[in-house]
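Worksheet: one structure, shown below.
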Amino acid sequence: MSFVAANDKLLVLAGRDKVFVASLESLSRETTAIDISEARPVPVPSATTNSPSPKKVSVVCLTISTDSKYLCAADSDKYVYIYGKSKSGWKLLRYFQTEKRLLQMIFNNDSGYLAMTDKCGDVWLSDLVSEDAAIPRKILGHCSVILHTCLNAEGTRIFTCDRDEKIRVSSFPDSYIIKGYYMGHKEAVVSIALVFNDTHLFSVDIESNLKFWKVENKSCALTFNLFTVLRLTGEEATKSDFQISLMRATELNSTKVYLAMKVANYDKVPVFDFDLESLTVQLVGEVPINSTLFDFYWVGTSLFIACPDSSEGLIQVVITEDGKISEPKSCVIPQWEEIRTNMSSFIQFNQVCTIPLRKRVANDGLEKGPCNKVRATEDKVGDLKKVDGKKNVEKEPASA
Amino acid sequence: MLMTPSPIKISPADILSTAKGKSTRNEFRRRQGQPRKNQALRRRLTRKQFVAKGGAFQGGKRTSACEQESLYSRIKKQFNNLGEDLYLVVEQFEMVSRKVAESMDGNKPAEMVQDSTDPRSSQTSGGGKALPQKKYYRQRAHSNPICDHVFDYPTTPEEMNWNTLYPPSKLTNSRRVEFLDIGCGYGGLLVALSKMFPEKLMLGLEIRVKVQQYVQYRIEGLRKMYTGHYENIAVLRTNAMKYLPNYFHEGQIEKMFFLYPDPHFKKSKYKWRIINDTLLSEYAYILAKNAKVYTVTDVKDLHDWMVQHFTDHQLFEPVSDAEMESDPVSKIILDSTEEGKKVTRNKGDNFTCYLFSAKYIR
């Protein structure tokens, strides 16, 4: 559920019905509002009812291409709208329908392809250059829901991570060729980020285990537990159910990466820095938000946080030259009230649709087995009990 | 002149199958000319038929074969404390007589003993004393593979301890599993292949708890009965759709079997089918170059689905008829499994065998 996207020049915020585009050069200038509800095709009235009942629809995700050529938004009715930049503003170029509701969309660097991840674990591709751009084709699929998708800078590899602790790298756009798996996580992998010129990969799971991988040989160099750094472990933390729900990374230089995390039920944004020379992760600071509903995006060394509960505007935090983060500053945006109400409506709609990421039984709560990990003895009995609901499945022998 | 169009003939079967995309197992039975599931069970047998099936009349009431006490349990009841020891004596006698028979036949391994004693009494030793009986390990055929079952799986293939499944003598020279039976059921194929390829390590994957337990006890029993044999087969309870990369390295498997997979007739359940376009990429990842994939089913619709998906996928190509005929494995896969025997018994003629070879693009 992310409602902020940005590239070097533009920042885009998604609301329930509208998408707001602001220029990063001067945020105080007027923001352009694109009304998605106007672009929606009018629903055909069904034969049984006299008037079609208005369906509750909302924007679910959005993305902007790196060259600001295209802006793409998807709504909950499975429509995808692609807008192109023109002199008079943003013009709707095309729209099409997908089979399932989308979770994430990304453009590749030359804006030739749009990769869309749906809620059922499949990735669809729309070739924007060709004639059948409106007919997306399925390129890859996981057995469980894909939580984050990432393309490398060349556009030759696609990285996907899912709820089954797997990170898969496949060829792009021929993604039926799997290049490998990054195996090591024990919980659902929430976010991945390619850093240091796509030579290394960061991945984080819901239990805040941050892994640092070498992309070439798929080996995990380091693992860090971020909750211990934040002191969010213990009984109180278990009650509050803290989980990492998002991670975004930015590179300061060729040896330092800054990672901002969103922790569910936590009202601050912790920012960590990773040093390639010392191979350490440190907590740089925590940005207080006073709300648990927000989203953020890095633009260079600035972190923009959008929170509908903030009365003034966007919150901006900059990484200073000495490697620390500055005090949070409010960026006043015109039409902020309208943006706020739209964003909170967006969050209200989409929060209900969030997928539970924890599995039924945690791996730590079970006995040891042949895989050196766990064996579910209790659940085997549970399975048997479920199956024995039918009489003719098993007959108890009279002797037993 | 008005031309009235000729009436289009639609059979009830078409309506049933196309109504909301429904097509169920009962519909399949009806098309095959078999009775519906509950109809078959409610069929009342005559006295002669009942007795022929092993039933008995006790106290004026019918007692079916399953409900009657087995020989072992009757002995145990009469000799309460001595029952266990007597069982051991009987078992030792059986093993000795079998060995004598083998030595007289010139070291030919004897046929498998089908009827055995109650496995529950020997559960503590893992059922290794005798072969388990299938009737105590029946479980519903359908299972939701997308659901969060609780499994025991390694984080990476390197962490998997294969010593718990195979004896150390089979794991020398870092040997790996090469034949994989997805949805091995009651293990018929594994047992048949074990004799044909004694040097290859084979693994069966089964998601159902009781069925996996049955195969495990069966393999343990066979290993004890025939020392030195059946040590290259094992079974694992896992979800093959989700956790294959957790167990196997890239290009590890040489042969993969999908025998009588669950057809999941309804359109809304097609994503549960073991063969689909997204999963084929994962199978291609763990298959070696020119590895073979065998598929068998008695459901024409599923067979067409599987053939279409394999053909459309860029990393698989069909194998020629000549190569299929010369392959010794393709001859045994139809009758070695319980499902295959059931199809033969019911005179189903729709089982088809298909063979695909994996291309290797890296």
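Even glycines carry a Cβ here, placed using N, Cα and C.
Binding site for S-adenosyl-L-methionine per TrEMBL: B:GLU206, B:ILE207, B:ASN239, B:ALA240, B:LEU259, B:THR337, B:GLU338, B:GLU339, plus B:GLY183 from the candidate set B:GLY54, B:GLY55, B:GLY60, B:GLY183. If you take the C-beta of B:ASP262 (active site) and look for same-chain residues 6 or more apart in sequence within under 8 angstroms, you find B:ALA141, B:HIS142, B:SER143, B:GLY183, B:TRP272, B:ARG273, B:ILE274.
Residue annotation for S-adenosyl-L-methionine gives B:GLY183, B:GLU206, B:ILE207, B:ASN239, B:ALA240, B:LEU259, B:THR337, B:GLU338, B:GLU339. The furthest Cα pair among them is separated by 21 Å. Remark: B:ALA240 (S-adenosyl-L-methionine binding site) has B:PRO145, B:ILE182, B:GLY183, B:LEU205, B:ILE207, B:ILE274 as non-local neighbours, by Cβ distance under 8 Å and separation of at least 6 in sequence. Applying an 8 A CB threshold to same-chain residues 6+ apart, the list for B:GLU339 (S-adenosyl-L-methionine binding site) reads B:GLY185, B:LEU259, B:TYR260, B:ASP298. Counted within 10 Å of its Cβ, the other Cβ atoms near B:GLY183 (S-adenosyl-L-methionine binding site) come to 21, all protein chains included.
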